[in-house]
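One structure is given here, and the rest of the page talks about it.
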């Protein structure tokens with residue numbers, strides 16, 4: 001029963017992915033802009049008037065009180081003014097980031113997205129994800145099957161439809177995942193900002209910075225992966241349509257993914273169909289691996305340590321200027 005439910009859920013997702021990819025991608029840019037705008041409004045609302053604002057500010061004052069108290073004790077015992085100036089600078093940095101949180105975070109995320117988009121446009125022009133899927137489906141023609149056909153050709157036709165469905169689902173949901181994940185990181189970051197005040201809690205702030213950066217790098221990796229997927233699909237289909245490896249590649253798909261001719265799979269060329277399915281499976285794996293690769297690339301960001309070192313240098317300069 002459990003296997004039946006899981007199978008039904010998978011096929012439901014496949015159906016949803018087809019419908020969503022066909023209907024939503026035409027409005028995807030507008031939806032992304034609207035989504036980002038609403039997230040910005042939500043973040044500002046949280047910062048300006050909510051219990052989260054009270055909690056964040058209360059935590060900031062609490063950590064500031066403890067850290068400043070510790071620095072004053074150090075000053076009394078050791079006559080060292082440096083820790084006090086250092087903590088005051090960290091406190092100032094927090095309020096600066098808090099006051100300009102939304103534009104700073106949105107600017108960084110937009111920068112990541114723009115970098116990925118620039119790479120994509122430079123390599124592929126204006127070819128969109130839905131055009132890839134449609135071109136791949138049109139470029140490879142599977143035979144019409146019935147119950148009297150051989151099991152091989154039935155399996156090839158079924159697996160091809162399944163592979164293309166998974167490819168469309170991977171491309172669509174990965175793009176949505178970037179938007180949702182980046183927005184989640186923006187909202188959650190409000191709760192982690194106070195941890196920048198106290199040197200002992202910089203680890204928590206670093207965790208959020210890593211979490212946020214992963215989605216930013218993922219947006220770049222996703223565009224790069226999309227470029228690789230396009231090239232792999234175009235070259236593999238053209239190669240499979242070539243009669244002999246020593247001949248020039250048949251131009252089934254052009255560089256801008258225009259279908260020049262159709263690769264027809266028959267009973268005699270079922271093996272070619274299985275090879276095409278394998279190439280699609282590799283492309284699906286590449287898309288789903290983008291997030292893992294981005295996470296490994298980012299690693300653990302020591303943003304708190306960077307802020308701390310900057311504050312220390314500023315404290316030394318301030319002390320020299322005052323004394």
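Easy rule for this one: first residue shown is 1, then count along the chain.
For all residues, glycine too, the Cβ spot is worked out from N, Cα and C.
Automated prediction, rather than curation, is the source of TrEMBL annotations.
Check TrEMBL against the ranges 176-197, 242-263 and you find transmembrane segment recorded for 176-197. When the ranges 24-43, 104-123 are checked against TrEMBL, the one recorded as transmembrane segment is 104-123. Most Cβ pairs within less than 8 Å of the transmembrane segment (58-76), among stretches 104-123, 176-197, 209-233, 270-291, belong to 176-197.
Tallying C-beta pairs under 8 angstroms between the transmembrane segment (176-197) and each of 81-98, 209-233, 270-291 places 209-233 first.
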